[in-house]
Amino acid sequence: MESDEAAAASPQASGGTVTPTPKKRGRKPKSKEEESESGGKMKESSVGKMTKTKQSVDDKYSQWKGLVPILYDWLANHNLVWPSLSCRWGPQLDQATYKNRQRLYLSEQTDGSVPNTLVIANCEVVKPRVAAAEHISQFNEEARSPFVKKYKTIIHPGEVNRIRELPQNSKIIATHTDSPDVLIWDVDTQPNRHAVLGAASSRPDLILTGHQDNAEYALAMCPTEPFVLSGGKDKLVVLWSIQDHITTAGTDSKSSGSIIKQIGESGDKTESPSVGPRGVYQGHDDTVEDVAFSPTSAQEFCSVGDDSCLILWDARTGTSPVTKVEKAHDSDLHCVDWNPHDDNLILTGSADNSVRLYDRRNLTSNGVGTPIYKFEGHKAAVLCVQWSPDKASVFGSSAEDGLLNIWDYDRVSKKSDRAAKNPAGLFFQHAGHRDKVVDFHWNAADPWTIVSVSDDCETTGGGGTLQIWRMSDLIYRPEEEVLTELETFKSHVMTCASKP
């Protein structure tokens, strides 16, 4: 164990720089080592501006860190030499008395001095009410967490912009990169690779074709059938079925061996098999930024884009929109999620800094979007929204302001919440990241546990931060239940408070 932790703590070496062309929501990545080396070359005005911003961020961060023992049941902080633009939970591997072991999918977005990688990690998730309060805030921001261990590295052809797992078997994942194709990986059977400059890319198990231009972010996998959905710069939404390419074991998360059907003896084993689209859907006027399946039907899905539109589709009725919501937001839409508990509710997040909640039974008025509610608690573009797998009214949103907000729609109408200074519905704010929170994922196997990643280019000089955290259950449990529990500790608290 000690040797593993020592290896995990050692920094990754970085060499020369070959920077790719920055994208709209991307950038030229730098490792923390490289940033520190080039820092002296910056202009004085830029340094002064950056120092002022860094002081402000550091002050807020110090304030948050002091509150960690009160606000959190558990928190693990993991330093990333290279930023990860996506993070997803994989299957739970085993359970023990005080913690569970689970797969975690990450990536390394490099500067070209080493290959871009898809990382499969093993994570130890401490169970509720196990971690000591005084321990969870005692972490070094520059260190790797002992709870997160790299298990396997896949050399990815291009940077990994988005990772999504197949709900029926989370050992199968899809990735987006800067190309028109969607790549499908069976992470168990992919060989472990050593990421060095010049190493050949790993071979995907399947390649999904059909886009006419790069598809970089919009990606979803269906909860009811092995379908994949994607959107891209070609303004198209593309649907695939990978049913015929998965063995019968592919829907069993406990299966071993390959779950992607292998090419026959006469096939070419040096190239990945490709799959054409089941359907191509036209209706957007600009880049499609995110897509989501209905939780109850593989034939129904939605998409959002830079045209400020939310579109609902039904594959059974053709390739044109069923409903097109014009001006769903006041700017580009970045993200969308469909409520797994109530298939009438859809969340959207935008560059206008807001999150909006739509009911698909009443989407528009005179052609313009009419959300049920607008959630306004971010100070920068919203990058990711996701409903809680545990409670129908709860969801999270992360943004370029470095915050991950947790909301409860049921609290919007409560008088006590309306009287507070906080935005209506906002009941928890995770402020542990010091730069834009590019992705997060609720843990379906461990409710109220979240993994989140930030791209730390602007504030900490490159790299990224991965955090796995669970807020105190005293925050989200019913008030009467919490007060009853606290009453049992009242005499002890009063005794402690009376001591000089």
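Even glycines carry a Cβ here, placed using N, Cα and C.
Just so you know, TrEMBL annotations never went through curation; they're auto-generated.
Worth saying up front: this structure is predicted, and the values here are computed from it rather than measured.
According to TrEMBL, the feature region 'Disordered' maps to 1-55 (among others).
Among the features that TrEMBL reports, compositional bias 'Polar residues' is placed at 11-20.
The domain 'Histone-binding protein RBBP4-like N-terminal' feature in TrEMBL is assigned to 59-126. When pLDDT values are averaged over the domain 'Histone-binding protein RBBP4-like N-terminal' (59-126), the model yields 95.
Sequence annotations record features per position, and here TrEMBL assigns region 'Disordered' to 264-283 (among others).
Marked as repeat 'WD' by TrEMBL: 281-323 (among others). Only residues 6 or more beyond the boundaries of the repeat 'WD' (281-323), in the same chain, are considered here, and those with a CB under 8 A from a CB of the stretch are 24, 217-225, 227, 229-233, 235-239, 329-341, 343, 346, 348, 350, 358, 360, 363-364, 369.
Same-chain neighbours of the repeat 'WD' (326-359): 25, 223, 286, 289-296, 302-306, 308-310, 367-369, 371-376, 378-387, 389, 391-392, 395, 397, 399, 407, 409, counting only residues six or more beyond its ends whose CB sits under 8 Å from a CB of the stretch. Residues annotated as repeat 'WD' in TrEMBL: 326-359 (among others).
Residues or ranges marked as repeat 'WD' by TrEMBL: 375-408 (among others). Packing against the repeat 'WD' (375-408) from elsewhere in the chain are residues 25, 57, 331, 334-342, 345, 347-357, 422-431, 433-444, 447-448, 450, 452, 454, 459, 471, 476: each is 6 or more residues past its ends and has a CB under 8 Å from a CB in it.
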